[in-house]
Amino acid sequence: MSIPTTQKGVIFYENGGQLYYKDIPVPKPKSNELLINVKYSGVCHTDLHAWKGDWPLDTKLPLVGGHEGAGVVVAMGDNVKGWKIGDLAGIKWLNGSCMNCEECELSNESNCPDADLSGYTHDGSFQQYATADAVQAAHIPAGTDLAQVAPILCAGVTVYKALKTAEMKAGDWVAISGAAGGLGSLAVQYAKAMGFRVLGIDGGEGKEELFKSLGGEVFIDFTKSKDIVGEVIKATNGGAHGVINVSVSEKAIESSIEYCRSNGTVVLVGLPKDAKCKSDVFNQVVKSIHIVGSYVGNRADTREALDFFCRGLVNAPIKVVGLSTLPEIYEKMEQGKVLGRYVVDTSK
């Protein structure tokens, strides 16, 4: 298979600086890595943070962003096992980890202190060819629609793991804050497939319609509601058993603790800049509310999340555009005008 020496990609040289769609070198895989011809990549809010550099974690520079890449294995290092040329592979947020620390031993690889992150500390999937650690790369079944599966590799895995973390049972109410965005639209579907009743909170044109089309039961528009907490408690007959916070609003997180029912779990997923999680201690203790963070997922979570997708139980509402339009996508993200998930075609 002929592999070019240069490729199209989007790269920036300083955080918040210009995004260049240009010819860049094709990387060479290390002994433990795959070289993947990326066909499509989802665009995540994390990519926006990586570009801006507004998280308390330094990015590499220059940087090619992206961490929801779906493509074909075209080369591999000498130490790679379990893969062959032509396999479909996914590039995840967790590109690689040490596999030797306590967290890796417990299958919490995303919490590895030496984790290598796609599109952050490792050049990611906003290019036509990208490398990924063979252990962490996702096995995508043959025949899978690569554009459709791309968002599952981060957004899908992340919300699926968050729902597991909430430890609910079938028939319980889950409230999803940010229910019509890229993460939320998948969370609604995974929640339905897992047997939960779904209440969504979001605001803006078309969001209730999207939420209901995905199987959501009760929708609250925060731009119109005068009492979100009261409305959630009333609709769920006492409060949500679990809350999945995927919005990037500190106020939404604070409210979610108030409408979570006794012995329920509030799961923090979205990462608003400089946000604090504020909870009234008396209320939290007396109601025995759990507040936990959930950070992407491990290899088993990835396999399970992909299985839901391959069985037709979840379907990312995507809009496919060319990689060259990435700056415009970031602008829409900043304005909160994204419904579902943007996916970029690396050939355009």
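From the backbone N, Cα and C atoms, a Cβ is placed for every residue, glycine too.
Copied from Swiss-Prot, the annotated features are:
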type    : residues                                                                                               : note
MOD_RES : Ser2                                                                                                   : N-acetylserine
BINDING : Cys44, His67, Cys154                                                                                   : Zn(2+) 1 binding site
BINDING : Cys98, Cys101, Cys104, Cys112                                                                          : Zn(2+) 2 binding site
BINDING : Gly178, Ala179, Ala180, Gly181, Gly182, Leu183, Gly184, Asp202, Lys207, Val269, Gly270, Leu271, Arg341 : NAD(+) binding site
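Annotated features taken from Swiss-Prot, shown on the structure.
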{"residue": "Ser2", "record": "N-acetylserine", "Cβ contacts under 8 Å, 6 or more apart": "none"}
{"residue": "Cys44", "record": "Zn(2+) 1 binding site", "Cβ contacts under 8 Å, 6 or more apart": "His67, Glu68, Cys154, Ala155, Gly182"}
{"residue": "Cys104", "record": "Zn(2+) 2 binding site", "Cβ contacts under 8 Å, 6 or more apart": "Ser97, Cys98, Cys112"}
{"residue": "Gly178", "record": "NAD(+) binding site", "Cβ contacts under 8 Å, 6 or more apart": "Gly184, Ile201, Asp202, Asn245, Val246, Ser247, Val248, Ser249, Ala252, Gly270"}
{"residue": "Lys207", "record": "NAD(+) binding site", "Cβ contacts under 8 Å, 6 or more apart": "Ala179, Ala180, Phe219, Asp221, Leu339"}
{"residue": "Arg341", "record": "NAD(+) binding site", "Cβ contacts under 8 Å, 6 or more apart": "Gly42, Val43, Pro151, Ala155, Gly182, Ser185, Leu186, Ala316, Pro317, Ile318, Lys319"}
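Under the DSSP three-state reduction, Ala180 (NAD(+) binding site) is assigned to coil, being neither helix nor strand. Secondary structure at Arg341 (NAD(+) binding site), as computed by DSSP, is strand. Under a cutoff of 8 A between CB atoms, and with a sequence separation of 6+ in the same chain, the neighbours of Cys101 (Zn(2+) 2 binding site) are Cys112, Pro113, Asp114.
In the three-state DSSP classification, Cys104 (Zn(2+) 2 binding site) falls within a helix. Lys207 (NAD(+) binding site) falls within a helical segment according to DSSP.
Comparing the binding-site residues Cys98, Cys112, Cys154, Ala180 on other C-beta atoms within 10 angstroms of each C-beta gives the minimum for Cys98.
Neighbour counts were taken as the number of other C-beta atoms within 10 angstroms of each residue's C-beta; across the binding-site residues Gly182, Gly184, Gly270, the minimum falls on Gly270.
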